[in-house]
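K.L.:
Okay, here's the structure, questions in a sec.
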Amino acid sequence: MDKYLIKLPNKNINDMVSDKKEVVKKETPKMTGRQAKKDTPKQEKEKENTQEDNTPKQNKAGRTGRSSIKRKNLDTPEVTQEKESVESENPPKRRSTRTTRSTRSMADGGTPSPEKEKPEKLPFIKYKGAIKYYTESQDIAASADDVMQWVEKQKEDVVPMAFDMEWPFSFQTGPGKSSVIQICVDEKCCYIYQLTNLKKLPSALVALINHPKVRLHGVNIKADFRKLQRDFPEVSADALIEKCVDLGVWCNVICQTGGRWSLERLANFICRKAMDKSKKVRMSKWHVIPLDENQLMYAAIDVYIGQVIYRDLEQREKTKLANEEKFKEENGETAFKAVKALGEKFLSKMNEVTL
């Protein structure tokens, strides 16, 4: 039996214990720090993903589907349906429906303000009348005297005169000196006076614009008078402002509109015509003599269409007053005051019914 026995090398008990210690090595803090250094951020992220995918609550299909959705930042059909239901229950906030000055006319069912109107294609204004253009002081004085004599011959107590001004503008230096005055008392003729060579306005021109029968009108005309006074102190802006008519303000009174008007929008609204407000001409050198054909036509159309707008608003005002008088005769003064207290729009509707 001894021949089948295998002799093992003699070892001490201490040696066996040391062997076991070598096999089972304890991790020291230094060793864990080294392992942490070996793992890059990318490897750590992959480990976290694998740990999340290997949870017992998730099956294989669920793990792959959810992880891919998380990485691609996509929504499942269920999540999309939930979002749609939430949006339908909580719609986005709308703008305030508070009635303002610009929307008051639309709220009353009246004429929309110029800002609310949809743009439409309108025919351009074509002026075929005469254009009388002067650059020298004596010529301007003679022309202004002729116009003043024509005004005095008119039977009307008030003679409307369209008034406008032009001047050069630079983004570096700002507005230049008043260079052009254009007027129109008859739709068949426009007068253009270039002031470049003038140090002082002719007395005949000052007398014309201050004539008691002349009613100057335009859009934002008060600002023109103030600039004219700054450039030519012999003109009194306050005296001209007292008797002038701003067409935009007058339109709001007659047509029950709101907001601020430009001459271009007034032409669209009142005359159903479009104006060619080319920036090339509008920002051109108005102080250079002579003015070219495009500049002359631009200046003439501004006062021509202003005169047309004035005549149209004047006729509308006469019609409105006539309707009010007829309503008073048929229904009495008390009924008229009661209806007017309800608003101008209501009164205009009543006038349409009675007519």
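Cβ coordinates are placed from backbone N, Cα and C, and glycine is handled just like the others.
According to Swiss-Prot, the region 'Disordered' annotation covers 1-121. What Swiss-Prot records for 17-29, 36-50, 72-92 is compositional bias 'Basic and acidic residues'. Marked as phosphoserine by Swiss-Prot on the basis of similarity to another entry: Ser105, Ser113. The domain '3'-5' exonuclease' annotation in Swiss-Prot covers 147-315, and the record cites sequence analysis as its basis. Annotation source Swiss-Prot lists Mg(2+) 2 binding site at Asp164, citing similarity to another entry. Annotated Mg(2+) 1 binding site per Swiss-Prot: Asp164, Glu166, Asp302, in sequence order, evidence recorded as similarity to another entry.
Would you situate these features in the structure and describe their surroundings?
P.N.:
Within 10 Å of the C-beta of Asp164 (Mg(2+) 2 binding site) there are 25 other C-beta atoms, taking all protein chains into account.
DSSP assigns Asp164 (Mg(2+) 2 binding site) to a strand in the three-state reduction.
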K.L.:
Take the mean position of the Cβ atoms of Asp164, Glu166, Asp302, the recorded Mg(2+) 1 site. Which other residues of that chain put their Cβ within 8 Å of it?
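P.N.:
Near the Mg(2+) 1 site, beyond Asp164, Glu166, Asp302, sit Met165, Val180, Gln182, Tyr298, Ala299, Val303.
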K.L.:
Hey, how far is Asp302 (Mg(2+) 1 binding site) from Asp164 (Mg(2+) 2 binding site), Cα to Cα, in Å?
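P.N.:
Rounded to the nearest whole number, the Cα-Cα distance is 7 Å.
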